Amino acid sequence: LVLELNQVIIPTYGTVPEQQNLHTPEWVDFDDKPDSLFFKDGQRRIDFVLVYEDESRKMTHKRSDRKKQKRKRQVYESNLINNGLQLEATRSVLDEKLIFVKVHAPWEVLCTYAEVMHIKLPLQHNDLKTRDSSFNWFSRLFRVDENIIKPEQEFFTAPFQKEHLSSFYIQDKDTFFNPATRSRIVHFILSRVEYATKNNVKKFGINKLLDSGIYKAAFPLHDSSFRHPSADPNCPSERYLLYREWAHPKNIFKLQPLDFIRKYYGEKIGIYFAWLGFYTNMLTVAAVVGVGCFLYGCLTKDNCTWSQEVCDPNIGGNIIMCPQCDKACTYWNLTITCESSKKLCIFDSFGTLVFAVFMGIWVTFFLEFWKRRQAELEYEWDTVEYLEQEEQVRPEYEARCTHTVMNEITQQEEHVPYTAWGKCVRMTFCTSAIFFWILLIIASVVGIIVYRLSVFLVFSATLSQHIGGTEAIRKYLTPQTATSVTASLISFVVIMILNIIYEKVAILITDFELPRTQTEYENSLTTKMFLFQFVNYYSSCFYIAFFKGKFVGHPGSPVYWLGKYRNEECDPGGCLLELTTQLAIIVGGKAIWNNIQEVLLPLVKNLIGRYSAASRSEKVVPRWEHDYHLQPIGKLGLFYEYLEMVIQFGFVTLFVASFPLAPLLALINNMLEIRLDAWKLTTQFRRMVPQKAQDIGAWQPILQGIAILAVVTNAMIIAFTSDMIPRLVYYWSFSVPPYGSHSSHTMKGYINSTLSVFNISDFQNASKPFSPWFGNQTTCRQVYRDLRYPPGHQHQYEHNIYYWHVTAAKLAFIIVMEHIIYFVKFIISYVIPDVSQKTKSKVKREKYLTQKLLHENDLKGVKKNVGKIADKIVKGANSTFRPKDE
């Protein structure tokens, strides 16, 4: 194999002398066959298309620059031909400046590079018996019709070897390598062919030529239009079938044809849609349970005792609340919060606790079953022993290789873009930049908090809240509600704007880091983008859940932000309803915004290009020119799709205790997302170069980290953000003697016992309200449940025994809930193996069969050669000892 590599790879880096005659592509005219996927002879299949602008007709560069570009292109194309590829050039039908170079890989080239790339190919049919699931009849209702998209035949496969060619299942040489595999092999060659040498540094690869503008595009062809089947009877019209049976909105409830997607687009695209589909299916269970908990809250809200007390004019109507801000705010009646307390009963119920525990276990089942599903796909798609090819150096990296160092392994000199000191400086600068931008995100969150504090004063003065007010709007729109909704909307807008900015910043920082390979580049960018997005999206939710209303002091001694703004307080029922509002706006708004953006941007771009092309000509346009006018897939490929789904996964798991409808919103969004992503790929984008992928990569540990963090956040939301623990402590301990006066456990009197009393004469001058005091009462109640001793007590305004009971109960609850869920997660992870027994058997069977077939063929070859030698020896012996008279 090493010799084969030397014979194949090394010549691709050979220089072409200036005086040597260069090989050029065959020039042909378009044959008016718009659906043809072959060269003009109708025999050689088009495996790749290169597009460039005729240098003689370029007007944007100097003549010397155009000449250099032409020379590089000619050398590159000549080296492609030297490596066995066949090229055919055709001028554009719509734009005479454009030239399309079609690339074909003959059988010998495909076989050679299939062995170099360790591509697995069929040996024989899979003879393992498969047992249908008991739910097979049900899933068949949602599958694609097998008469339309036929199931892929299952084969045992092995890495291709030319010397064992007869061992492989070859019925037809033209179809042995499918179009996706052919395109991948050709792209492998295109990425390794040289076009110039400068300062003893070889320049090679189609990516560099695209970046420098020598070529305008390079892509494999779609096999047909997505609107109708191909007119060519030899074309399977797989793109048309994918659109009709997968991407069309009518298929929203159908299962995805994953094997067909993988066959057409490659494993990297296939594994993304397999993961997204699996995640969406698992969300169905979470959404059903979440809706059940929501309905439970709706049905039991009328039996919510503490809410009834808030709305009761004889209880809540007689409770006067202290002002929520300094001077401008006035005293108000507790019954104003009646409607919000009813809404809070829906989300702050026993069902919330059940759902939080369920989601902690659900996420473990999701990750463990996905590992099993991923292992099955690894086997079915031949990526079990997938060997990563040695990646070529990024053009941006190699362009800066000005320093020479000694390689410790090869003991040869190699060029690098910076010294060890230079690398240290770069890493320090990039790390500092990352922390700076994260602090900037936090600063934007602080800005939103300051907005909340300042605008609350305005709403408190505008929305009449004095005791005698009778405005109907008061019932639904309190200053807290108005502040929460407007702040959430502004927060959403700021998040989306910062998202756009930080995306560019993260790319700039990663570019400055100068990673060596594309994989290193994507991993570095993934870490930065997720870190940015995590802080950007979740910081406001963390503030509301764990900081708002926790450090406010009491009316006689409030705590101030920046020495000016009085710290924000929660509603009497806590901040849970506000957290729910924040999540609903961000999750719903993000889903709507992303889907509109994903649909409109490529659609508008393609419409503009299509109409401008149609206005120039009404001629028949070939397939390669149709595809050229589609949108190119970005260098990062599916990065943004994964990022969007992982951020959503965080919302579904981290704060689900406050918003049980989050899985339902995610489910609806994902059902649309699958079809929108499929629609984009099949109709708006050029065909991607098929790539191998064994799993979802760096996103797997990120998901596992979110799953672990979700247990902590949900336990803390129930303990510190919801009012569940104080209610339970009151019910079991403080409603009955020795602390309570009721004869049996009850929630009656909860509101009166938990709202601390404050003497209005103890107000400081800086916070004393302007409005006059109505009535003859001398006390008011604190808005939040701070649980302090009343005025006149020897420890007045200090935390009472109830407070310490509640604090102890909260801490105990967090510890118990975390340990129970983590223990269950550990048991589930241990019980559910990552690879099913069926998949293990298939892998072992394939290895056994591969060794047996290849070994037997070697033995047959040896026996055949030994037999020929033995026959020659016998014949020689017979001629030697034959009698002379004969």
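Here the Cβ of each residue, glycine as well, is placed from N, Cα and C on the backbone.
Feature annotation from TrEMBL assigns domain 'Anoctamin dimerisation' to 38-258.
Feature annotation from TrEMBL assigns domain 'Anoctamin transmembrane' to 261-846.
Per TrEMBL, transmembrane segment is recorded for 272-297 (among others).
According to TrEMBL, the feature transmembrane segment maps to 350-370 (among others). When Cβ-Cβ distances below 8 Å are used as the criterion, the transmembrane segment (350-370) is approached by residues 275, 278-279, 282, 285-286, 289-290, 292-294, 296-297, 652-653, 656-658, 660, 663, 703-704, 707, 710-711, 714-715, 717-718, 722, 724, 817, 820-821, 824-825, 828-829, 832, 834 of the same chain, each at least six residues removed from its ends.
For the transmembrane segment (434-461), same-chain residues at least 6 beyond its ends with a Cβ under 8 Å from one of its own Cβ atoms are 323-325, 328-330, 479-480, 482-483, 486-487, 490-491, 494, 498, 502, 505, 509, 528, 531-532, 535-536, 539-540, 543, 561-562, 565-568. Annotation comment: TrEMBL describes 434-461 (among others) as transmembrane segment.
Packing against the transmembrane segment (481-502) from elsewhere in the chain are residues 340, 437, 441, 444, 447-448, 451-452, 455-456, 459, 463, 529, 532-533, 536-537, 540, 578, 581-582, 585-586, 589-590, 593: each is 6 or more residues past its ends and has a CB under 8 Å from a CB in it. Residues or ranges marked as transmembrane segment in TrEMBL: 481-502 (among others).
What TrEMBL lists as transmembrane segment is 529-547 (among others).
Annotation source TrEMBL lists transmembrane segment at 645-668 (among others). Distant neighbours of the transmembrane segment (645-668): 276, 279-280, 283-284, 286-287, 289-291, 293-294, 297, 347, 351-353, 355-356, 359, 363, 530, 533-534, 537-538, 541, 545, 576, 579-580, 583-584, 586-588, 590-591, 699, 702-703, 706-707, 709-710, 713-714, 717-718, 721-722; these residues of the same chain sit at least 6 beyond its ends, with a Cβ under 8 Å from one of its Cβ atoms.
Positions annotated as transmembrane segment by TrEMBL: 696-720 (among others).
The transmembrane segment feature in TrEMBL is assigned to 811-832 (among others). Outside the transmembrane segment (811-832) by six or more residues, the chain places 356-357, 360-361, 364-365, 368-369, 372, 711-712, 715-716, 718-719, 725 with a CB less than 8 A from a CB of the stretch.
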Residues from the same chain, set at least six apart from the ends of the transmembrane segment (696-720), whose C-beta lies under 8 A from its own: 271-272, 275, 352-353, 356, 359-360, 363-364, 367, 374, 522-523, 526-527, 530, 545-546, 550, 576, 579, 642, 646, 649-650, 653-658, 810-811, 813-814, 817-818, 821-822, 825
